[in-house]
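Colleague: Not my notes, these are from Swiss-Prot:
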TOPO_DOM  1-32  topological domain 'Extracellular'
CARBOHYD  ASN4  N-linked glycosylation site
CARBOHYD  ASN19  N-linked glycosylation site
DISULFID  CYS22-CYS186  disulfide bond
TRANSMEM  33-53  transmembrane segment
TOPO_DOM  54-68  topological domain 'Cytoplasmic'
TRANSMEM  69-89  transmembrane segment
TOPO_DOM  90-107  topological domain 'Extracellular'
DISULFID  CYS105-CYS190  disulfide bond
TRANSMEM  108-128  transmembrane segment
TOPO_DOM  129-147  topological domain 'Cytoplasmic'
TRANSMEM  148-168  transmembrane segment
TOPO_DOM  169-202  topological domain 'Extracellular'
TRANSMEM  203-223  transmembrane segment
TOPO_DOM  224-259  topological domain 'Cytoplasmic'
TRANSMEM  260-276  transmembrane segment
TOPO_DOM  277-282  topological domain 'Extracellular'
TRANSMEM  283-302  transmembrane segment
TOPO_DOM  303-345  topological domain 'Cytoplasmic'
Amino acid sequence: MSSNSSLLVAVQLCYPNVNGSCVETLYSPGSRVILYIVFGFGAVLAVFGNLLVMISILHFKQLHSPTNFLVASLACADFLVGVTVMPFSMVRTVESCWYFGRSFCTFHTCCDVAFCYSSLFHLCFISIDRYIAVTDPLVYPTKFTVSVSGICISVSWILPLMYSGAVFYTGVYDDGLEELSDALNCIGGCQTVVNQNWVLIDCLSFFIPTFIMIILYGNIFLVARRQAKKIENTGSKTESSSESYKARVARRERKAAKTLGVTVVAFMISWLPYSIDSLIDAFMGFITPAYIYEICCWCAYYNSAMNPLIYALFYPWFRKAIKVIVTGQVLKNSSATMNLFSEHI
């Protein structure tokens, strides 16, 4: 972004005839087209990719499992980011102005925080689910049931929505920073200034679950490695049917854990720059240039578009489900009971 200044061609007001209007930074037509394509592609992928995930899991009975219900709910959170957050943030970033009103700015910010925290909660519960599944695959079905999954999903939605609504609709997030907030929030702007206390709470809310997930997945892969060695050592011996079944179940759960582990890592990488930037701004006087802030935001937003790509890369059943949905076979009465899995696990 060192060439950022070369992209700027003019400076004018967002609302030329209104006092207190924000300054609009205009980019060259070519740059604007490129930015709209890049951001628009992310929004479209987040909407339609996650919509495919939700339809796949909810329609095909073979995919009705506690883990997949969590994945579908996670896809719903990412879908809502693509619908309610990314399109409006795209216009704000490219036009450097907010044209949707002050009330919608608050709603947009609230949705941004709520749905992103909802994703984090879902991933944390998925990590716990995978830990139980890999460490004790035969007992797992009795521990992590559909009702338990439903409780996890409810918590993953209710707490973030309550937290986000309470913080942004009461105005407590900028206590002590009212002058700075008034200066930044000119007419045509939608910049949320958060004080140190709330930034610290936000960062702890990100780093603590992240640390828990790292520990869980670290243990998962240690257990998976031990299981793989055990299977390898007993491979030449005659296995009983129960031992063979346990090996197949363990192999399947390890594969699922690997895929969902990639999803967790992608989330961490996407959100880490934004979390660090928030800390720097809160404790060093909001020194981050606007374009750095926008890059951090869009790295985080793009995470909502990544998960469907990860599923398509690692899950053959998801690729098959997409084919069935796109070709219209999903409209057949028998499609819900279709076999999406290969014979070999």
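Every residue, even glycine, has its Cβ placed from backbone N, Cα and C.
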Colleague: If you count Cβ pairs under 8 Å, which stretch among 33-53, 69-89, 203-223, 260-276 touches the transmembrane segment (148-168) the most?
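Modeller: Top-ranked stretch among 33-53, 69-89, 203-223, 260-276: 69-89.
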Colleague: Nearest to ASN19 (N-linked glycosylation site) by Cα, among CYS105, CYS186, CYS190 (disulfide-bonded residues)?
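Modeller: Among CYS105, CYS186, CYS190, CYS186.
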Colleague: When secondary structure is assigned with DSSP, how many helix, strand and coil residues does the topological domain 'Cytoplasmic' (303-345) contain?
Modeller: 31 helix, 0 strand, 12 coil
Colleague: Across the whole of the topological domain 'Cytoplasmic' (224-259), what does the mean pLDDT come to? Round it, please.
Modeller: 63
Colleague: So which of 203-223, 260-276, 283-302 is most in touch with the transmembrane segment (33-53), counting Cβ pairs under 8 Å?
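Modeller: When the Cβ pairs under 8 Å are tallied, 283-302 comes out ahead.
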Colleague: Let me check the 10 A CB neighbour count of CYS190 (disulfide bond). How many other CB atoms are there?
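Modeller: Looking across every protein chain shown, the total is 21.
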Colleague: Under DSSP, is CYS105 (disulfide bond) helix, strand or coil?
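Modeller: DSSP assigns CYS105 (disulfide bond) to helix.
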Colleague: What residues elsewhere in the chain lie close to the topological domain 'Cytoplasmic' (54-68), defined as a C-beta under 8 angstroms and at least 6 residues from its ends?
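Modeller: Here the qualifying positions are 75-76, 79, 126, 129-130, 133, 144-146, 148-149, 256, 260, 317-318, 321-322, 325, 330, 335-341.
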